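J.: The structure is given below, and queries will be raised subsequently.
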Amino acid sequence: MARFRRADLAAAGVMLLCHFLTDRFQFAHGEPGHHTNDWIYEVTNAFPWNEEGVEVDSQAYNHRWKRNVDPFKAVDTNRASMGQASPESKGFTDLLLDDGQDNNTQIEEDTDHNYYISRIYGPADSASRDLWVNIDQMEKDKVKIHGILSNTHRQAARVNLSFDFPFYGHFLNEVTVATGGFIYTGEVVHRMLTATQYIAPLMANFDPSVSRNSTVRYFDNGTALVVQWDHVHLQDNYNLGSFTFQATLLMDGRIIFGYKEIPVLVTQISSTNHPVKVGLSDAFVVVHRIQQIPNVRRRTIYEYHRVELQMSKITNISAVEMTPLPTCLQFNGCGPCVSSQIGFNCSWCSKLQRCSSGFDRHRQDWVDSGCPEEVQSKEKMCEKTEPGETSQTTTTSHTTTMQFRVLTTTRRAVTSQMPTSLPTEDDTKIALHLKDSGASTDDSAAEKKGGTLHAGLIVGILILVLIIAAAILVTVYMYHHPTSAASIFFIERRPSRWPAMKFRRGSGHPAYAEVEPVGEKEGFIVSEQC
């Protein structure tokens, strides 16, 4: 019996040891090279309770980050720094859970793009359907089908907004809708609309004219503009199928991309004949005057920021919501401007009475007014400085080198017309990593010379106008006073009284043999037979 008891105890010990080792292997290792938390990686990405790590995206202009449940704090200094993480309030996860989210819901984590925070919703999430605006259920009189855009290729048309839409902190009251699946937001209409300053739910070589079912329509209810590309086909690959998607611009600055029909992966769409982009972009324009040609100006467009979304996430029944972040342009006073704790180094320019980071659509005004030289440290920014003092720009340690793309165009100083064909950006001249001074106007000396030239021209024109006006007044006076001394003076010296003159060329042959007074000849009339 003792032997059996010992054998039983030994067997039980072996079983317990095996069970312990099995449990240890399952929870400590799982699969080689993976932690047990990786099994719930999708839920962790959606609800990262205590994660502090930052996943850096390989794409430029943005970075990926995970949130925790600490109270929301403003990101210090510049958001362009890659190593920062932004927390969120504790009610974030509870709100999603109360809305009926489950473990099967796949929500892309928020992505900080400096100016916007984007969130991508997949087909399994109900928000993808909630964010889609059904235009067919809207008021018929407010839904407009653009006839030209629905029957042409590479066309764009202006659309006036019934509200002010904030885009990168600038308020827009009109946009330009293009057939290529994007909205152009620039004020200067040029031939390279696809280069920058766009809102692109899906920019590609769409041609609504190849199908009768293809339409471009929009709807404005006073608080939002919805632009929908319905059943549009790619011009260079019609057999891929039709695409249906929309972009919604809300009064509060939010931008929503909704996708209903995406027959293929966006990464498979060819960009040979037209750029393929999904995201946002903005730029500032610098105007250079050409001294040699007075009526021609050269415009250089600098792209200062871009939001590039992951094209692989764009599928059927998906959506993207982009929420604007605070910018320096929203502050109207020096104190709030320099003491702001947002993601930019805000500075106050007293000459313009404007708050700015130095990089927005008013860049040329900022530089021409000497604002970079005026800016001092935040402690002395709002103090009155002596006229002779030279200001220096002081920034925090989290500064980031700005990256630009440059588009240079030349145009005459006349009102431009809407181009009938909008080519791709193959001819766009791009310069990366430009210096700060490169974005400013570098022809101040030429402008001074041009200003002096224009002043002299204006004075000459005024003198000529005065001479002509005096001649007209003298003529009118002599006509009404023929017996005055001035009238008699000019009558006695009229051209018919001038002496005969001979004009000879250098060769000695006369051009005119003799010029005789008309009054000394007898008049005659030549009559012709009818």
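Backbone N, Cα and C define each Cβ position, glycine as well.
Predicted, not measured: the structure shown is a model, and the values here were computed from it.
Annotations per Swiss-Prot:
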- 1-30: signal peptide (SIGNAL)
- 31-455: topological domain 'Extracellular' (TOPO_DOM)
- N103: N-linked glycosylation site (CARBOHYD)
- N160: N-linked glycosylation site (CARBOHYD)
- 327-372: domain 'PSI' (DOMAIN)
- 378-387: compositional bias 'Basic and acidic residues' (COMPBIAS)
- 378-399: region 'Disordered' (REGION)
- 390-399: compositional bias 'Low complexity' (COMPBIAS)
- 477-530: topological domain 'Cytoplasmic' (TOPO_DOM)
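Map the listed features onto the structure and describe their local environment.
T.: Sequence-distant neighbours of N160 (N-linked glycosylation site) (same chain, 6+ apart, CB under 8 A from its CB) are N173, E174.
The average pLDDT for the domain 'PSI' (327-372) in the predicted structure is 92.
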J.: Check the DSSP secondary structure of N160 (N-linked glycosylation site), expressed as helix, strand or coil.
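T.: Going by the DSSP assignment, N160 (N-linked glycosylation site) falls within a strand, counted as strand.
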J.: What are the helix, strand and coil residue counts for the domain 'PSI' (327-372) according to DSSP?
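T.: The counts are 16 helix, 6 strand, 24 coil.
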